[in-house]
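Checked Swiss-Prot, it gives:
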type: TRANSMEM; residues: 4-24; note: transmembrane segment
type: TRANSMEM; residues: 34-54; note: transmembrane segment
type: TRANSMEM; residues: 80-100; note: transmembrane segment
type: TRANSMEM; residues: 112-132; note: transmembrane segment
type: TRANSMEM; residues: 134-154; note: transmembrane segment
type: TRANSMEM; residues: 167-187; note: transmembrane segment
type: TRANSMEM; residues: 207-227; note: transmembrane segment
type: TRANSMEM; residues: 278-298; note: transmembrane segment
type: TRANSMEM; residues: 314-334; note: transmembrane segment
type: TRANSMEM; residues: 335-355; note: transmembrane segment
type: TRANSMEM; residues: 376-396; note: transmembrane segment
type: TRANSMEM; residues: 409-429; note: transmembrane segment
Amino acid sequence: MTAHLPILIVIIPLFVAMAARLLVRLSVPFTRGFVLAAALAVLASGAVALAETLVRGEPWRYYVSGWPPPWGIELVIDPLAGGLIVLVAFFGLAALVYAGPYLQGRTPREQGSFYALFLLAKAGLLGMCATGDLFNLYVFLEISSLAAYALIAFGGRRSIVAALRYLIIGTAAACFYLLGVGYLYAMTGSLNMADLAVLLPPLMDSPVVILALVFIVAGLGIKMALFPLHGWLPDAYSYTPAPVLAFMAAVMTKVSAYALYRILYFVTEAAGPVSPTLQVLGWMAAAGILFGSIMAIAQRDLWRMLAYSSVAQVGYIVLGLAVGNVLALYGALLHVLSHALVKGGLFFIAGGVSWETGVRRVSDFVGIAKKMPLTMGAFVAAALSMIGLPPTLGFFSKWYLVLGCLEAGAWVFVAVLVVSSLLTAVYFFRVIENAYLKGLPQPGARAERPVPPGARRFRLELPASMLVPILVLGIGVVVLGLFNEQIISNVIQYALPWRLP
């Protein structure tokens with residue numbers, strides 16, 4: 001069974017997605033338990049696969065049906081892919097746990113559709129992490145994207161427009177990527193990443209190869225919301241249900257960034273014409289960092305504030321990839337983990353506050369810390385990590401990015417990182433000031449939930465299934481910050497291109 005872990009990581013959510021749509025007709029509680037058990041199994045499988053890869057000291061290559069590439073489909077799990085698989089699986093489980101109260105008012109059919117679509121999106125992302133060829137990366141990208149379009153529409157009437165817009169832009173992105181892959185296949189006759197890494201270097205001066213890379217970078221840039229290709233993100237993030245949004249914000253853009261990193265550093269080895277590509281990406285990332293931070297300050301709705309903040313944070317990751325030295329790559333890969341934990345937690349918090357009080361506007365957060373102290377405590381921890389204050393994980397990821405930029409002599413990028421941190425402090429401290437330093441809680445869209453006669457007066461500020469993921473992530477950004485050196489030395493340093501065969 002262990003020998004087949006790479007394929008099981010992808011197959012389990014696919015089969016459970018189909019089963020959930022049928023089982024929900026018999027019993028909703030059983031279906032939910034079944035889905036959660038499957039999500040836990042995927043997380044455990046991913047952790048075992050990552051550990052096995054680290055112990056082996058080489059990538060774990062799995063040939064589907066025993067056919068080796070280029071005729072068969074190859075799955076490859078190395079420390080980079082394994083770490084991201086664990087991250088996707090963890091957030092998939094956390095979001096499913098969190099979604100319980102959100103789904104209580106839904107019909108069994110709607111709940112079954114939600115579970116099926118969510119698991120399809122998760123399977124697509126896991127497949128993107130594990131695949132060893134460019135075409136199947138496209139297939140898994142489309143599986144996750146199509147499911148995401150439908151999940152966004154679960155948010156209500158306004159979310160349907162956002163989902164349609166994302167569908168149109170996302171389809172264009174997929175076409176760009178597929179066109180680029182087609183050009184590479186026409187030039188090399190292979191889609192396998194390992195084969196392309198050997199076949200492409202002699203062809204790197206070809207205009208066709210250069211055009212192919214431009215299309216691939218453009219397609220993945222749209223998917224990861226890299227400025228100025230981010231137009232779909234603010235509306236999509238503003239109207240998506242919180243469990244889905246936390247999952248999307250935490251891992252969907254990160255997996256696209258992973259795919260970009262894979263192609264630039266492992267397939268093309270960042271040589272020849274790719275170097276100008278990295279320079280362009282660096283300036284796009286720097287512009288996105290400033291643009292996202294400034295636009296976040298201008299927002300009055302917390303969800304849109306966090307959405308524009310994501311544009312800036314994607315810029316941090318791409319900036320590290322563009323600078324490209326060891327320290328910058330440490331910072332970029334560590335920021336993938338940091339931002340996933342922080343932004344996933346922040347959207348869990350935003351959803352919990354909205355679910356309990358109806359509050360979404362920053363100005364309505366006045367005094368809310370008195371009503372929801374644990375939730376807002378986690379918010380403060382996440383905000384400090386976003387700003388980049390020690391000992392949170394966000395401080396260390398930004399620290400490595402700054403060191404990498406200094407080593408490269410990129411002083412402008414250093415200034416961008418510092419200014420962005422100050423801007424981030426402005427829009428997060430505005431929320432913290434309202435929550436802790438001003439007055440009593442303001443009435444939101446709903447009145448406070450009444451306590452039934454005869455019930456205990458004490459109750460948690462949120463249902464346990466919502467509060468536990470929030471607290472785990474809030475504590476996690478601090479604890480993992482304290483262990484950042486171990487994360488780098490035991491996982492991230494083995495994910496650099498020159499450490500992998």
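Even glycines carry a Cβ here, placed using N, Cα and C.
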Quick test of the contact rule: Cβ under 8 Å, at least six residues beyond the ends. What residues does that give for the transmembrane segment (278-298)?
217, 221, 226-228, 230, 264, 270, 305-306, 308-319, 321-324, 410, 412-413, 416-417, 419-420, 423-424, 426-427
Mind checking which residues of the chain, 6+ beyond the ends of the transmembrane segment (112-132), have their Cβ under 8 Å from one of its Cβ atoms?
6, 9-10, 13-14, 16-18, 20-25, 31-32, 35, 38-39, 42, 46, 61, 69, 73-77, 81, 84-85, 88-89, 92, 95-96, 99, 103, 106, 139-148, 150-151, 154, 192-194, 244, 247, 251-252, 255, 258-259
Could you check if the transmembrane segment (80-100) is in contact with the transmembrane segment (134-154), meaning 3+ Cβ pairs under 8 Å among residue pairs at least 6 apart in sequence?
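As far as Cβ distances go (cut-off 8 Å, pairs 6 or more apart), the transmembrane segment (80-100) and the transmembrane segment (134-154) do not touch.
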If we skip the immediate neighbours and take only residues 6+ beyond the ends of the transmembrane segment (34-54), which ones have a Cβ under 8 Å from one of its Cβ atoms?
2, 5-6, 8-9, 12-13, 16, 19-20, 23, 60, 77-79, 82-83, 85-86, 88-90, 92-93, 96-97, 115, 119, 122, 126, 490-491, 494
Report, as numbers and ranges, every residue of the chain located at least six residues beyond the transmembrane segment (335-355) whose Cβ falls under 8 Å of a Cβ in that stretch; write 'none' if there are none.
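That would be 83-84, 87, 91, 94-95, 98, 101-102, 237, 241-243, 245-247, 249-251, 254, 257-258, 302-303, 306, 309-310, 313, 316-317, 320, 365, 368, 372, 375-376, 378-379, 382-383, 385-386, 392-394, 396-398, 401, 444, 462, 466-467, 469-470, 473-474, 476-477, 480, 487.
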